[in-house]
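Asks: Pulled these features from Swiss-Prot for this protein:
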REPEAT    48-78  repeat 'PPR 1'
REPEAT    79-113  repeat 'PPR 2'
REPEAT    114-146  repeat 'PPR 3'
REPEAT    214-248  repeat 'PPR 6'
REPEAT    249-279  repeat 'PPR 7'
REPEAT    280-314  repeat 'PPR 8'
REPEAT    315-349  repeat 'PPR 9'
REPEAT    350-380  repeat 'PPR 10'
REPEAT    381-414  repeat 'PPR 11'
REPEAT    446-481  repeat 'PPR 13'
REPEAT    646-680  repeat 'PPR 19'
REPEAT    681-715  repeat 'PPR 20'
Amino acid sequence: MSLSCGDLANHNDRVVSLLNVCRKAPSFARTKALHALSITLCSVLLQPVYVCNNIISLYEKLGEVSLAGKVFDQMPERNKVSFNTIIKGYSKYGDVDKAWGVFSEMRYFGYLPNQSTVSGLLSCASLDVRAGTQLHGLSLKYGLFMADAFVGTCLLCLYGRLDLLEMAEQVFEDMPFKSLETWNHMMSLLGHRGFLKECMFFFRELVRMGASLTESSFLGVLKGVSCVKDLDISKQLHCSATKKGLDCEISVVNSLISAYGKCGNTHMAERMFQDAGSWDIVSWNAIICATAKSENPLKALKLFVSMPEHGFSPNQGTYVSVLGVSSLVQLLSCGRQIHGMLIKNGCETGIVLGNALIDFYAKCGNLEDSRLCFDYIRDKNIVCWNALLSGYANKDGPICLSLFLQMLQMGFRPTEYTFSTALKSCCVTELQQLHSVIVRMGYEDNDYVLSSLMRSYAKNQLMNDALLLLDWASGPTSVVPLNIVAGIYSRRGQYHESVKLISTLEQPDTVSWNIAIAACSRSDYHEEVIELFKHMLQSNIRPDKYTFVSILSLCSKLCDLTLGSSIHGLITKTDFSCADTFVCNVLIDMYGKCGSIRSVMKVFEETREKNLITWTALISCLGIHGYGQEALEKFKETLSLGFKPDRVSFISILTACRHGGMVKEGMGLFQKMKDYGVEPEMDHYRCAVDLLARNGYLKEAEHLIREMPFPADAPVWRTFLDGCNRFAEEQRNTLNVVSFQ
């Protein structure tokens with residue numbers, strides 16, 4: 001029984017209706033069944049174009065591009081929709097050759113490309129510059145670029161993907177119409193490359209124009225903040241997102257957590273995480289990554305352990321972050337457990353995870369396991385080699401260089417990081433060989449490699465050769481190598497030369513000023529240090545924590561409380577005061593040496609993340625000012641919080657006991673040092689001898705000296721004799737009083 005034309009059309013319409021239903025919940029089995037039904041109703045040669053187009057579209061949506069291609073190839077006739085649909089499919093899944101072939105065929109049959117054609121081709125991830133510029137020209141020729149913002153936005157994304165930022169900016173400027181999506185893509189492009197200033201310019205323009213900002217508007221800028229680590233702008237964007245009601249959107253929350261973490265404000269990152277109404281795996285990865293970079297990286301491991309309680313399973317990004325934490329604190333057993341979890345859960349150890357494992361074992365000093373992980377990876381890339389080389393560079397220089405040569409023989413081209421790593425472990429002969437390889441491969445003018453070469457020559461006591469490298473550089477030398485030279489001068493004690501070189505820089509950066517300030521500080525040019533710091537502020541160069549540490553160290557040396565308090569006020573304005581533990585520790589030390597215990601306690605209480613150094617600095621300050629009992633209580637509190645005291649912690653508490661006359665407590669702690677894995681050194685014995693001698697326990701002090709595992713030095717004997725003299729003087733004074741009575 002044959003179907004009439006009307007019946008056939010009705011059946012085809014029903015097939016298309018069913019295909020549209022299937023599109024809402026795509027299923028390969030249902031699509032194939034409908035495809036078979038359409039062939040049954042009428043042969044392949046009689047299938048209408050609109051039916052075939054729908055089948056191609058659904059196969060493309062399911063990722064079955066080869067089947068979509070077969071349907072396209074068998075079509076008796078095609079229209080522009082047919083060509084655009086299959087071009088989109090091939091482009092989406094990276095088959096640029098087939099996409100371009102269909103595009104050429106389309107033009108051959110006289111079909112002019114439209115926006116859908118060009119945007120489909122531009123979305124292909126593997127499209128090269130030549131093809132991209134050709135499409136750019138065609139879009140201008142056929143008026144597609146000028147029609148609306150869609151094609152221009154696609155071109156902008158393509159140039160961004162190809163890292164052609166200037167071309168992307170030119171496209172943006174030439175576009176007659178710009179959609180919000182265009183602006184968002186441009187900001188994202190700039191943000192991901194760390195151009196925060198330019199990114200913020202576009203963001204402020206959008207705000208000025210009264211545009212309705214979306215999540216994407218914030219994401220690109222926040223990425224730029226993360227790259228540049230600008231805390232002030234992070235806060236501004238946070239406020240702006242709150243005003244727009246976007247601060248609860250999970251993607252914005254995740255980006256803010258990441259930005260605060262990268263800027264070193266772990267407190268705000270944790271607060272954002274806790275205040276979020278809901279989390280996803282990206283939220284967990286962001287907070288783990290943020291806390292991993294904090295003063296207490298073990299928090300990241302605790303968060304990792306708590307993930308299953310909240311219904312989340314770690315993914316590749318999570319494992320990479322926690323392996324980084326394990327390597328940072330050198331917890332070999334913890335990292336091994338994570339490695340075991342990966343194997344148990346059947347996680348495939350690809351390039352990213354493999355590199356993380358290589359790096360973890362290398363940083364923990366287990367080069368054997370690091371090499372095993374390296375050998376296990378099938379398709380190695382240069383990152384794998386860099387991770388392995390970095391491990392051997394810190395432990396075994398000759399093997400590191402042997403691996404470097406092996407890498408070259410296997411055809412891998414070194415990056416600037418590869419050279420920098422290999423240069424760490426060079427002796428003079430190997431350094432000269434590597435230098436020749438660097439020149440041969442054209443890296444001699446690379447600032448990063450040039451700086452590493454200078455450090456290596458300086459490390460091998462070849463200072464003049466290090467300085468000559470600047471003269472040999474063919475291109476204009478940036479501030480980075482010049483900073484290295486200034487640093488070399490400073491370490492050699494040539495402070496005048498260091499400051500003189502910095503003063504010749506047209507645009508010295510924060511590091512330049514820090515080197516000059518540190519150089520003057522080391523040579524005790526106190527007034528010059530203050531003048532340099534003032535000049536730095538007048539030049540609108542933002543001080544960092546190292547600048548403040550240098551100035552605060554000078555305040556400690558001079559016991560200048562007024563200057564120290566002024567610097568503290570400036571630190572508070574730049575938001576370093578509570579967020580940065582390193583700065584807080586130096587502030588505690590400065591106030592302690594200047595005799596302001598009240599300020600010491602205030603800074604200590606305001607410090608958000610206290611580490612062992614924070615507690616040790618407080619104990620030291622309390623001890624030297626006679627608050628022995630309070631120092632002892634703080635030491636006990638340190639232990640109760642899980643901190644493991646080190647050699648400096650014990651010197652601080654023994655000094656506190658010595659000043660407070662607490663012989664029993666002090667000697668009890670001295671005897672327990674080994675329980676905490678700390679072997680008493682000469683400084684500890686000196687404190688213990690002084691504690692005993694100055695309190696009249698001369699026999700015990702002498703016995704302790706005789707029992708020392710190494711010969712006592714002159715200061716130990718001097719301490720003992722001072723105690724003897726003091727005790728003898730006290731006895732004479734007592735006898736005189738008795739005689740007088």
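Using N, Cα and C of the backbone, Cβ positions are placed for all residues, glycine too.
Keep in mind the model is a prediction, meaning the values are calculated, not measured.
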Asks: Same chain, outside the repeat 'PPR 10' (350-380) by at least 6, Cβ under 8 Å from its Cβ: which residues?
Replies: 316, 319-320, 323-324, 326-328, 330-332, 335, 339, 342, 387-388, 390-392, 394-396
Asks: How about long-range neighbours of the repeat 'PPR 9' (315-349): same chain, 6 or more residues beyond its ends, C-beta under 8 Å?
Replies: 281-282, 284-285, 288-289, 292, 297-298, 300-301, 304, 307, 356-357, 359-366, 373, 376-377
Asks: List, by number or range, the same-chain residues at least 6 past the repeat 'PPR 8' (280-314) whose CB is under 8 A from its CB atoms?
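Replies: Sequence-distant neighbours of the repeat 'PPR 8' (280-314): 250-251, 253-254, 257-258, 260-262, 264, 266, 269-270, 273, 321-322, 324-326, 328-329, 331, 334, 341, 581-582, 609-611.
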Asks: Roughly where does the repeat 'PPR 8' (280-314) sit in mean pLDDT, to the nearest integer?
Replies: 87
Asks: List the helix, strand and coil residue totals of the repeat 'PPR 8' (280-314) as derived from DSSP.
Replies: 25 helix, 0 strand, 10 coil
Asks: What is the number of residues in the repeat 'PPR 19' (646-680) that are helix, strand and coil, as DSSP sees it?
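Replies: Counts, helix then strand then coil: 27 helix, 0 strand, 8 coil.
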Asks: Can you count helix, strand and coil residues in the repeat 'PPR 7' (249-279) using DSSP?
Replies: 23 helix, 0 strand, 8 coil
